[in-house]
Each structure stands twice: as structure tokens, then as C-alpha cells.
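Listed in Swiss-Prot:
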- 31-64: repeat 'ANK 1' (REPEAT)
- 101-131: repeat 'ANK 2' (REPEAT)
- 135-166: repeat 'ANK 3' (REPEAT)
- 190-222: repeat 'ANK 4' (REPEAT)
- 226-257: repeat 'ANK 5' (REPEAT)
- 268-302: repeat 'ANK 6' (REPEAT)
- 325-359: repeat 'ANK 7' (REPEAT)
- 449-478: repeat 'ANK 8' (REPEAT)
- 482-512: repeat 'ANK 9' (REPEAT)
- 578-658: region 'PRANC/F-box-like' (REGION)
Amino acid sequence: MFDYLENEEVVLDELKQMLRDRDPNDTRNQFKNNALHAYLFNEHCNNVEVVKLLLDSGTNPLHKNWRQFTPIEEYTNSRHVKVNKDIAMALLEATGYSNINDFNIFSYMKSKNVDVDLIKVLVEHGFDLSVKCENHRSVIENYVMTDDPVPEIIDLFIENGCSVLYEDDEYGYVYDDYQPRNCGTVLHLYIIAHLYSESDTRAYVRPEVVKCLINHGIKPSSIDKNYCTALQYYIKSSHIDIDIVKLLMKGIDNTAYSYIDDLTCCTRGIMADYLNSDYRYNKDVDLDLVKLFLENGKPYGIMCSIVPLWRNDKETISLILKTMNSDVLQHILIEYMTFGDIDIPLVECMLEYGAVVNKEAIHRYFRNINIDSYTMKYLLKKEGGDAVNHLDDGEIPIGHLCESNYGCYNFYTYTYKKGLCDMSYVCPILSTINICLPYLKDINMIDKRGETLLHKAVRYNKQSLVSLLLESGSDVNIRSNNGYTCITIAINESRNIELLKMLLCHKPTLDCVIDSLSEVSNIVDNAYAIKQCIKYTMIIDDCTSSKIPESISQRYNDYIDLCNQELNEMKKIMVGGNTMFSLIFTEHGAKIIHRYANNPELRAYYESKQNKIYVEAYDIISDAIVKHNKIHKTIIKSVDDNTYISNLPYTIKYKIFEQQ
């Protein structure tokens, strides 16, 4: 009988005959099945009268077989049987619905004949809707992933306890493979499961289902662990309905938002994904859909979405730019100025469709960490260059270049010393600044803090830039609103002796240096810098010691005395009608000192090496001797020349050749 029930087309009369001789509750078989188990496992099980006959014959509907399944549990777990509503009802009613939670609702939902009335019966008689399936998904989560979920059943599940709004305390899962928040909302699951129609029975995303889920409080703006909204998945669909797109846009205030994918390092987002053929199912872009995204997108997101695709799909991006109004396009151009490497053909395309390179665009480009001289030259030419003369929110535009290391480029001290002509190959930032300087009407323009470009360059330790600015006419003596000079900044903030020496070489006024010393924050730790300033001021005025701040003069009194001693000694030594001091420390002396290279007094002083502080005097004399010897050799060689110079007196020849 059991073999008959399990494998044959069961006929009621034949079964009645068998039941006269056999016990339907005889479970002495391999699988411990009773007669109900056997029939419900039959792939031809579709006759409710057979089930009723077995029940009327006393078959136990609550008996558990070897898998610990009751008949209804075996029936709803069978993969090759379509659940018949009448059979299920007969099994439930036979136990007074005590076996209701043996009903495998997950298997049932996967079948093609889900009956709303049967679901209602289950719900009305207390079916536990909080049950989870093997992959730990809930009833509603599994149902929306079936081939063609029905809004009425979704309503039924949700209204009777299936939660679709995850609370923070609901994530007590210990499973690594699934957590609700990771997979986003139920709306995410529905969209992802219906992106592509794999068979005739599997429906595309339907607007009525989307509306149903949204009406139950699911926010389309919610994101999953990949930062994706449901709409971001939907635009990958093989069949996109613009009305569904509008539904999924609810609550998303920027459909052009973008982010960098941690795994691929690509720009992602709703609009970015749709424009990227790697994420889009259909080959062609729907411009109506793009316009919808543009209308609800913000300029920065739009820019981030289209720029990465420019190189690979210029035609599409050009078409998109052409559809924008000029105001939006202008905003996009301005945002693009700080994006990274600027592609001039893309800028040209934006300009063609109504954008302009204006002051704001230039100012934004100064904030670009990948700034380059070629692009700057192009932009300034388009704008006219006046933008560099206007403050950017109280800041000097060029000053932004001083603030950080742009890209992988640094400012090298030797760059400027080797000449600006090669600068573009060594340091793009210096080259860029050099391009801007001719447009700058006042190199000493001040920002909202009263600081100049030189102040910024010193503060950020840009030695080559400091050198460039000084050679271009920057004033060392300007004080900021808080009274700080570049010298003060070099001592207190940069702590860069080379910068300090560079500033002192450009001859700041005595008052500037004295004021700078007054602002030194730590007269102990900055001893070397302070001594450099004292050393410089003593050359300018031997009465400086009375003007130096008292705290410094007291601490460095011995150093001041030694400076005075060395300088006074130099002033006593006469060399051909000039003092040693004037030859070494005055502009006139610098022009004639080589003429006295063989003077005994100069030689004696040079060979004594007695200075402890003003040791540079010996380098100056050494250079003068080298220059004198070079001139002398040139004169000796000219004796053999048959020219008018060879017949001139030695002193005349000397004056001629020293000009060379």
C-alpha cells in the first residue's frame, strides 16, 4: 500500500480496498512514514479526497517521520510537488491548526500557485511570521524575491507582523553570510531579484510592488553596505520604466551623488553607474532618463559622474553637456576646476555649450592639488589674467599653492638657483606661479590677515618660492595685521635658518629686524636665529644694541660685544683709502674689493682668520682674489694680441676686463 501511495496514480476505490487490510499508521518502514507521508510525497499528489480518506481512516496527521517532518511539513517541503490549497486545508483542519507552523511557507512561496486565501488562513490561525529560512532571511524578504510577488500578499505579511523597517536592536545576528542592514531594505531585495527576466514566469520590476513597499514606510533613499540605493540597482535592469525610476527617486535629494568604490576605485553612484557601460545593461543611453537625473542632481555629483567617462565616451558626454542649461554647466565647470587633472578638450566642450572661464573658475583651479602650468596658462589666457589680482574669500589666490605639497611635487631650493627657464621640468608649481606673476599687478598685495605671498611662502617653508618672490620684488618689511614680519614667521613657525638668511640677504630695514626680534616667542630655543638677526643689525648700525629688546640684549650681551669688537676692528683697518668694513659690507665696496687683492693689509687680515662671527668676510675676500687673478691672466694674454687694447696701460686694461 505504501509503495502504491507513493508512486502510483491513486484511485479511491483501490485505496479503500487496501485500507481494509493495512494499517495506515504502520511506520515500520525505512523512513518511518505513515500513509499520509507516503501519498504527500507522490509527485501526482493532487487529490484532496485521497487525503480525506486517509484522515478518515485514522492516519495520524501529527506523526513525524525520520526527518522529524509531519505530513504537512513533508508535503510543503517536497521539491516536486505543487502545494494544493485544498489538501493543505484538509491537513490543517484535521489537527485544529495545531500543525500550522509545520507548514513550510518558504518552499510554498517559491511555487507558481501561491494562493492568497491560503496565506490568509495561515495568518488568521497564528502562523509564526517571524520564522527565518536557512539563509536567515525573513518571510517577507524571501517573498519579494520570488518570481512575481503580489502586493496583496505583501500587505498581508507586513500587516500581520513581518517587519520591513529594521531597528538598531534587531541586528543581533551572529551569521557572517547575512545581516539585514548589509543587504539594504526589502525594496533592495525586490529590485535586485527582478533586474532581468530569466524566464516567462519571472516578472520585471512592477510599479505596484514598488509602491506597496514604499507605502509601508521603506525609504527609497536607504543604502546597503555597498552604499547603493535601490534605484542604483534598478538602472542596471534590462527593462527600465521611467515611472518606476521616479518612484525610486523619492527622498533622494541628489540623484547625481557619487562616491569612490573601495573595491574597484571607480566613481559610483546612480548617474555614474548609468552612464558607465560596465554597469548599464542596455547599450544605448536613454537621454530622457539622463535629463531626469540632471534635474534632480547637484553640480558636483554631475561633474564627478561624467568626467571619468569623458575619455572613453566623448560622444555621449558631449550630448549630455549640450542638454544642460548654461547656469548648471557653469557650476559644473567650476566644480571641475578642483577635480584633478584637467582635460582641456573637456573644458573646451563646456565652453562651446555656454560655460565661461571666469574669476571663480580660476580661483577654484588654484585649489586643485594637481595644478599644472600648461592648464594654468590656458585658463589665464581665456580669462584675461585679472583673476589673480582679486582675493578669493579674503585669500590671495596664488597663495593656495603654498599651503601643501601638490601631488608628488615639492619645492626644491636649487630649482630657482638653476634658473626659471628649466623650472617647468623640475617643479610644476613654481612654473605655474611664474606664469601667474606677469598678470599680478602688485606682488605685495595683502590678504584679509594683512599677509603677502611672501608671508605664506615663508610659513610653509617654500624656499624656492621665497627666492622667486624676493627676486620679483617682494617686500621683506611688510607687517601683517598681528604685527608679524616674514622674519618673525621664519623664526617662530618655519624654524628654517636658510629661509631666514635668504630674507636677511635682501636687506630688511633695521626697524623690521628689531620689530621681528620683539615678536620671537622663545629666545632660548631660537638662539641661532636670534644671533643671525643681531649679527645683521650690528652691520647696519653699531648703536643697535640699545634698540634690541631688553630680554634679548641681556641674554646675548656677550655675543653683541663680540660683534662690536669684530666690526670695530674691521673699521680700523685701512685698505687703499677704504676701511675693511666698507669693502666687505657696502655695495660700493663689493664692486672694488678685487682691486685690492694684493694689498698687504687685506692679505694680512685674510690670512689671520681672526673673526668668530663675521667669517663670511673671508669668503668675500677669497672671491675677490679669484676675480683679481682671473683679470690679471686675461691682461697677460692680451699682451700678445695685435690690438689696440694690448698697447693700453695696465690700469686701463684692468678696468676694461673687470667689466666682463
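Cβ coordinates are placed from backbone N, Cα and C, and glycine is handled just like the others.
Sequence-distant neighbours of the repeat 'ANK 9' (482-512) (same chain, 6+ residues past either end, Cβ-Cβ under 8 Å): 413, 449-451, 454-455, 458-461, 463, 466-467, 470, 476, 519-522, 526, 528-530, 532-533, 536-537, 540-541, 544, 547. Scored on C-beta pairs under 8 angstroms, the neighbour of the repeat 'ANK 7' (325-359) with the top count among 31-64, 268-302, 449-478 is 268-302. Note on the repeat 'ANK 4' (190-222): mean pLDDT across this stretch is 89. Non-local neighbours of the repeat 'ANK 1' (31-64) in the same chain are 1-2, 5-10, 12, 15-16, 19, 24-25, 70-72, 74-75, 78, 80-82, 84, 86-87, 90-91, 94-95, 98-99; each lies 6+ residues outside the stretch with a CB under 8 Å from one of its CB atoms. Residues 195-196, 227-229, 231-232, 235-238, 240, 242, 245-246, 249, 252-261, 308-309, 313, 316-317, 319-320, 323-324, 328, 331-332, 334-335 of the same chain lie 6 or more positions beyond the ends of the repeat 'ANK 6' (268-302) yet place their CB under 8 Å from a CB of it. Remark: secondary structure over the region 'PRANC/F-box-like' (578-658) totals 59 helix, 2 strand, 20 coil, with classes taken from DSSP. Here the repeat 'ANK 7' (325-359) is broken down by DSSP into helix, strand and coil counts: 21 helix, 0 strand, 14 coil.
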